[in-house]
Amino acid sequence: MSTAVYCILLFLVVSASPSFAVIYNAIESLPVINYDFVIIGGGTAGNVLANRLSEISRFNVLVIESGPTNEGVLNSIVPFFAPQLGGSAYDWNFTTIPQRGLGGRILPLPRGHVLGGSSSINSMFYTRGSSSDFNRFASATGDPGWSWDNIQPYIRKNEKWTTPADNHDTGDQFDPSLHGFDGINAVSLNGFPQPIDSRVLTTTAELHEEFPFNNDMNSGNPLGVGWLQATIDHGKRSSSATSYLASNFQARKNLHILLQTRVTRILQTSTSVSTLAFRTVEFTSENASGPRRRITASKELILSAGSIGTPHILLSSGIGDQSELRAIGIKAIVHLPSVGKNLSDHPALSNAWFVNSNDTIDNLSNNATLRAELLQEWEKSKTGPLGNAGASHIGWLRIADNSSIFQTTLDPSSGPNTPHYELVISSGAGLNSGLPGHFVSIGTVVVTPAARGSVSLKSTDPLDPPLIDLAFLESEFDVFVMRESIKSARRFLSAPAWKDYVIGPADAFANATTDELLDQYIRNNTISVSHPVGTAAMSAKTASYGVVNPDLRVKGISGLRIVDASVMPFIICGHTQAPVYIIAERAADMIKMDWL
């Protein structure tokens, strides 16, 4: 179908009657109707699809979400409280298997278990990655539609640039030509200054060669230090639930949302000589107390359960490596060896330094009375420090081209404009919150890791959590980059701007005085920044590896598509929220073009 014809048809069928979408909290309440599309997962990607597909009034759309509603969850709404969501009822509370590269430590891996998925519990950073990241997607899949230039319309369909809560002048803090102002999901700069903002900017002038100022790191060339952009809407979190499922979009009678419902398997709907069809989903109540029910989508079943949930459901359904499935006692229906493989995530460290000042975010982190007072301010005006993301500035940097690691290891980054590591520069102790004293912290994150892990089954019971292996620091490249990123952070704080302010490193970090001790510190303290991707990776249509084709249809199967972070063939060099929105927006257009 030509683009022109598609646009005309879309215009003719988009209108819908002014009734309200129904949100169901119990399987028994769900009406027995024909659904054209059933979306498994009401997370970052799933809610984009729910919105865009229900624009077509003749498409009946059902979203099945395992978690509860996001409505009224204060820790999700107030940006400053986001760290409290990990380990809560709104988190899947996944843990990894013992990590060999971390001395056998088991890590938590927070994933959103609430409407909006991880966009309802994450740190809200809005970073697109580099142009080379998306150009590599296009090269790996043979589909130029995934290139940086060609995803620009989807960036603008998603993004609604918003003034910060304090309405300060942002003229020198971002480039408006790079942003969308008419999209759905709010993006803004912080609405309250951090005490260290001026020191950070001064450092970019004093150490310009190593830490140049970047006016907008979402240009496709993120290298340098600049102002953080975040999915915050006038002091409140903007998630896929608050934006794509806002009340005006819920005024669609063709959109149903089923909460607190656990998908167990997807099932074979029919067979033909050439392909298998999987359009049926099996599900039960979240507490597994009721019977299992099934619904068949008349057009497509769409898996948007995330990089952990999606391969878990596929494997439980007999779609994966046949020898591994048989070994655990599951009948292999479709042999797709790449399911659950290629798991990639960003290893991270939070490094704190004592400072010679009482004016730090630690006052807020460690003082419940002050937090309560500021919460009253936030409730009245949505202003103040509670409306901020956890940092005002971040840096994206590369290790030196002549680094010794390149004598034995190929550069895993997508190109010369792609950073190897991130610096998250914050007032306060960062993830070390609770330490007595006052601090500045710099989080160090390996954003082009070479190690690859996996998601596999623990048992034949689809309600058992999967086995998650991040393979953290099993690559010498990743260890090298983490070590160099910490040295880079030290150099950043050695600039004249920090003289008489920084006293010295805090806690275990203070003892990491040699490379050997630094490596020990790294292995003892590295955590996940919660950006798992790649476990149902897309590849060229003719490729013998991968899980989905460039159109995100599962290889060898009809009626089943995957739209979430699991389809990324490589991890991007930034936080993964924005790319998932972009992928979902493009996927929605591809699905519409197939069915209109």
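Residue numbers in this text run from 1 along the chain shown.
Cβ coordinates are placed from backbone N, Cα and C, and glycine is handled just like the others.
Please treat TrEMBL annotations as automatic predictions, because they have not gone through curation.
Note that the structure is predicted; figures quoted are calculated from it, not measured.
In TrEMBL this protein carries:
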ACT_SITE  H531  active site, proton donor
ACT_SITE  H575  active site, proton acceptor
BINDING   V114, V263  FAD binding site
DOMAIN    306-320  domain 'Glucose-methanol-choline oxidoreductase N-terminal'
SIGNAL    1-21  signal peptide
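Positions of the features from TrEMBL, shown on the structure.
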residue: V114; record: FAD binding site; contacts (Cβ under 8 Å, 6+ apart): G67, P68, T69, N70, V73, S76, Y90, S120, I121, A241
residue: V263; record: FAD binding site; contacts (Cβ under 8 Å, 6+ apart): I40, I64, S66, V281, E282, F283, A305, I313
residue: H531; record: active site, proton donor; contacts (Cβ under 8 Å, 6+ apart): D345, H346, A565, I571, H575, T576
Let's check the environment of the residue listed as 'active site, proton acceptor': how many other CB atoms sit within 10 Å of its CB?
26
Which numbers of helix, strand and coil residues does DSSP report for the domain 'Glucose-methanol-choline oxidoreductase N-terminal' (306-320)?
11 helix, 2 strand, 2 coil
Mean pLDDT for the domain 'Glucose-methanol-choline oxidoreductase N-terminal' (306-320), rounded to an integer?
99
